[in-house]
Structures are given as C-alpha cells and as structure tokens.
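Per TrEMBL, the features are:
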- 21-295: domain 'NADP-dependent oxidoreductase' (DOMAIN)
- Y55: active site, proton donor (ACT_SITE)
- K84: site 'Lowers pKa of active site Tyr' (SITE)
- H117: substrate binding site (BINDING)
Amino acid sequence: LEMAKLDLKAVEYVKERMPMIGVGTYQVQSQSVLTDTIDEAFRLGYRFIDTAQIYRNEAVLGRILPDLLERHSLDREDIFITSKVSPANQGKGKTSKSVLKTITDLNTPYIDLVLIHWPGTSRLKSNHKVREKEGGGEMVVEDNAKLRAETYAELEELMDQGKIRSIGVSNYEIKHLDALLEECRILPAVNQCECHPHFRNSELAEYCKQKGIHFQAYSSLGGPSYVDDLIKDATINKIAKAHAISPAVVLLAWGLNQGYSILPRTQNVKRIGENWKAIDIKLSETEMKEIGSIEKSNKACWDPSVV
C-alpha cells in the first residue's frame, strides 16, 4: 500500500531507456584512452556510459562526446549517461550545485540517471556528526542520515525540473533503503552495488527486486584489487571452458543472467569487445547453482554497512 504512493517516473524511465551493459569509467581519466574505448564501445553497440563526480573525468567526457556521437551518427537521446553525487557534495544546496556542474562538465542538456554514490558524507561511521563552529563554540549540525535525505530531496527536485531524467542510489544497504523509502516521493530507480560470485549480495538484490528498484552490479570482475583472484576461481574456469569463453565473460554473464545490469570498465580496447560477448551467454540453471554455492567470500570494495 505504501509503495503505491511513490512516484514511479524514475523507475519507468530506467526500465524503458537504460541498457543492461554499460562502459564503466572508474580510474580512467586519460582523454585518449576514454576516446578510444568509447569509440570502440559505440561501434559495437554499447549505448551506456557510467561516470561519477569522484572519477574526475566528467569534463573530459564532455569534451569528447560530441565528436564521438557525430562519428557514430548518434544523438544525445540515443545514449544513456549515469553520474553520481560524491560524498563531499551531499547535503542541502551542495547537491544541486554539484549536479549542475556535472551537467555543464558533461556538456549535455540533461543526465539520464544520477545516483547518491555513497550513503555517508565520508567513510565515517553512522553515528558520526559533522561539527560546525558557530560563534566560537562547537555545535553539532548534521549527520549522515540527514545529509542523505537532503541529497535525495534535491535530486527529486532536479528530476522535477527535467535536468535529470531518473534518480537512484549506490552502495545502499537494506537499512539505508528502508529509511529512504519512508521519506522519499520518487521511488529510486537503481541501487548500484558491488556484486560478483565471491560477494553475491543476494539478500540486498532480493530486497531491491521486491521494492521495484533495479539492482545494478559494479565490480563484476572483483574490482581492481581482487580481479586476479576472482578470475582464477576453479568453478568460473570450468564453466568458461564449457562455453569456450574467458572467465571474465562468465563473471559478466552471471550478473546479466540474474537481470542485473553491469558496468565493466577497461582501458583496453580489445576487452571492450570481449565484455560485449557476455550479452549472448546463457548460463544453465546448474551452472548458476554452482556459482551460487561457491564458498569463498570477499568484499573487495568499500563497506557501506558501517555508515
């Protein structure tokens, strides 16, 4: 009953417009690398770019996109761009200002999807209060929960104004989503989280499904610090051999086969094509079960449960 009251316009936009596979750009700042990889991606049929304020490449993307779109006879409407509000830009006033700067940097009239990158304003614990000196004395002003709520409310306003077409979150745990769903007007369209066979995040993915929030996987290959371990997994390699594909493609297909969208990133043009193959790979129920019972567990990226 509660759900019926929430505005589904963000969810509907994402359902209609967002591709299942995008180009991740985390750690990629070089203009020539971004140009080559996105050029190849567009050539293959990718139509989705994932960036963030914290990646410090939005202005570079804004410089190269007009030429790349023209080269591939694409209009702005043909592609989908996601950005994310950095922890430092959370809170009233800051959020809008930062998103308007992102729009300018990306050299675009609108952004398809904007996420809150992280449930905290820094990596500080949930009970952390941001202190502000006022008239010499210290006064406790904000905490993470309040800033999160203000940030989402500003994203809702930007969506009402048409500057962003859909909104969502990233790295939100069930407790963060529970709180958000009690206070938001517009149902978040996406929760983008770490997800791979050694960190399956199934309970969270299931929760999102029940609430009508699309679950999007990042670090499908384990992320920069863990990719080498994940690629060596025996179960993944066995399945890769059976399909005559690389372990990386199995890892990507595993996400897609569950209905998660994926954002593989690479600085290697050849791998853009390799990753694209994952779209056509159907893993059997048995294979999905085998992967689902891998016992090794490792969260490779930052941990939102402390926020």
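Just so it is clear, glycine is given a Cβ too, placed from its N, Cα and C backbone atoms.
A Cα-Cα distance of 9 Å separates Y55 (active site, proton donor) from K84 (site 'Lowers pKa of active site Tyr'). K84 (site 'Lowers pKa of active site Tyr') and H117 (substrate binding site) are 5 Å apart (CA-CA, integer value). Counting every protein chain shown, the Cβ of the residue listed as 'active site, proton donor' has 21 other Cβ atoms within 10 Å. Less than 8 angstroms from the CB of K84 (site 'Lowers pKa of active site Tyr') sit T51, A52, Q53, I54, V114, L115, I116, H117, S170, Q192, each of them six or more residues away in the same chain.
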